[in-house]
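In what follows, a single structure is set out as structure tokens and then discussed.
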Amino acid sequence: MGDSDDEYDRRRRDKFRRERSDYDRSRERDERRRGDDWNDREWDRGRERRSRGEYRDYDRNRRERFSPPRHELSPPQKRMRRDWDEHSSDPYHSGYDMPYAGGGGGPTYGPPQPWGHPDVHIMQHHVLPIQARLGSIAEIDLGVPPPIMKSFKEFLLSLDDSVDETEAVKRYNDYKLDFRRQQMQDFFLAHKDEEWFRSKYHPDEVGKRRQEARGALQNRLKVFLSLMESGWFDNLLLDIDKADAIVKMLDAAVIKMEGGTENDLRILEQEEEEEQAGKTGEASKKEEARAGPALGEGERKANDKDEKKEDGKQAENDSSNDDKTKKSEGDGDKEEKKEEAEKEAKKSKKRNRKQSGDDSFDEGSVSESESESEGGQAEEEKEEAEEALKEKEKPKEEEKEKPKDAAGLECKPRPLHKTCSLFMRNIAPNISRAEIISLCKRYPGFMRVALSEPQPERRFFRRGWVTFDRSVNIKEICWNLQNIRLRECELSPGVNRDLTRRVRNINGITQHKQIVRNDIKLAAKLIHTLDDRTQLWASEPGTPPVPTSLPSQNPILKNITDYLIEEVSAEEEELLGSSGGPPPEEPPKEGNPAEINVERDEKLIKVLDKLLLYLRIVHSLDYYNTCEYPNEDEMPNRCGIIHVRGPMPPNRISHGEVLEWQKTFEEKLTPLLSVRESLSEEEAQKMGRKDPEQEVEKFVTSNTQELGKDKWLCPLSGKKFKGPEFVRKHIFNKHAEKIEEVKKEVAFFNNFLTDAKRPALPEIKPAQPPGPAQILPPGLTPGLPYPHQTPQGLMPYGQPRPPILGYGAGAVRPAVPTGGPPYPHAPYGAGRGNYDAFRGQGGYPGKPRNRMVRGDPRAIVEYRDLDAPDDVDFF
């Protein structure tokens, strides 16, 4: 096994033997003379026998499984640690170890690494996607690392001592604003030509994208209304025990979205019948298997006697018929044999002809006599002509039969809800969607391409899904696309599996009446917000109302307020409470007063489910999962996953649980309910919003050049004029398209600027000095439950090398921003895989094992008085 402990420790031993080979040969010879049991003499035969017991002393917490090998009484000779050990390359570490090692270099398989500070190398390595680290993407230009914003303390060092505190704070705020503004402008210039960026912010592309999204939304709405009119939602409940019916409904929606008809929906019934037939067939086989051995011996004997009698009667009848059948069979066999003999003769003639043709090219072939060859060729030509005539007649007969079968084929329902798809993990940001479509269109059955949003932490690489018809051989297409490059980027597609669990459940507490009523309120609010945002039930601004088949108001929200108002019998409770009820201070004798039974209201649940299905089918929003599935119309599954209510909880629930569920659920829905955020006018001006008129004036001024007295040039056309006003007039008249381009560019930048959630590079914070709270026992950091993990993000540019004071996992390290949750940092020697955090340290504290990360087994020997008080400075 490649990942077993023995194999893994063997490779680690081999690694350190290679490191010592440059200066330890004399010591090895001495040890061999002393008769030490050294396994190096048997490189091939001794590999498997080399055990992890040789480093047993470095891991005292391990259990002994076998007797350790013999060693001499004297301690092993220690060697000096070389200065270059920290940066040594490890032949057994692949590029996969780098994100977890946290320190110096294993070999990288991507572009050649530049000379310079080791932290720059680490940062560049972590920024690359995995394909670049493995060599799939050639020659990626990493560019200059982004600048880091100064901390207030660093900023104060650049100021004069005469600047007071308030002025320093003001200047620092201005510095931060300028820094962010500059970063935003640099980001815009770096990505303005990329397709994903233009489709999001360029005025022309934004309009096209909105029209496409609106058309897809209208199509999904028509599908929902069609299914509702057909009664698909009448008896459908979003409970986990109705999973089969829910999947069938989702498939029906997908068939309708793909342009299917009512006839195509019949395939769902056929699939259901086939499944039931398969189940009944299996059940009948099991019953027969059980019933077979259950027959008694008496029954078997009786059956045997009856069979013998019947056989005796049949024997007489059969004897008279045997002669007739034998004759007929004999005649039939003779005819079949004749036909087979004729076919074989024809085949043999053809083979002989082919062989003779092939042999005629050989120098040593002996030709037959001319008369024989001519006669044979004439016969062969006749046979070929007859065969050709027969072949011509066959297609005509087939064509006559085709129209009869065509009517039956047209009626056959199509499985439009099933597709095949390929998944592409890394698509470079400079690759356009049209390029992928043109590449995949060459293969039959191509349907569509879906691209995910770019990921800033992965250099804005995107994931892609290419959908094909179900009838294609998807593995063959995947193989053909395997080694194709687009703009020096390997697509490396893989076959995308079908969804396994399309219906998933959440907590069954959602069946409670109080929660259902609250969900109706939230779902109605969500529908109202999404409909307004997409203007689904209103005509687009600036266009006359076009008569459509869609109603003017959402029929789903009709009379919804009837279910939002809770009816209470307050008067009755007041009268009963004041007259005969027990005082509220007195607790009941039995049961917990805070616990209640789960109360299910079928009427409310039916209303809620219709709202949730509207959200799922029309707006691609999974309510119980509190998430929106973006670009679902372009994905392989147009209606893939849905979350539903789980089974009813077996125990009583507390009132606090109900309130806590409602509170957390509303918090999760808040981002979906919020209107798209955009910067205010004041904030936009601070960030550098551009005025179109001013930018046009700048453009005209820059293209008005004075050559001399009364001599002005327009560089756009090369024409000369007597004055600047003539140049201006010329630009507006003859170069109006350039003016429009400037205005569009301004709108492009302003759209990006005003987006509060605009993409940006991951923020890299400066290294923080270690505080007293960071000095903890080895392996433990506040709020970090996983002491074995090391930073998976990138190291900041210019960060100093980690200090050497801590050999173990307790070394105090500067903070490394990763853009995610903080992780404890790698100890000294982490260039060899951060091994000390896994094995050494004498079992102090708990040491989780991880076989994927290999490292240094030579833990530092620690001397500690067990009776002394705790001291964190020991080695």
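Here the Cβ of each residue, glycine as well, is placed from N, Cα and C on the backbone.
Among THR543, THR790, the residue that Swiss-Prot annotates as phosphothreonine is THR543. Spacing of SER678 (phosphoserine) relative to LYS150 (SUMO2 cross-link) is 27 Å (Cα to Cα, whole number).
In this structure, the C-alpha atom of SER492 (phosphoserine) lies 41 angstrom from that of LYS150 (SUMO2 cross-link). SER492 (phosphoserine) falls within neither a helix nor a strand when secondary structure is assigned with DSSP, and so counts as coil. Here the modified residues are SER492, SER678, and the one whose Cβ sees the fewest other Cβ atoms within 10 Å is SER678.
There are 16 other CB atoms within 10 A of the CB of LYS150 (SUMO2 cross-link), with all protein chains counted.
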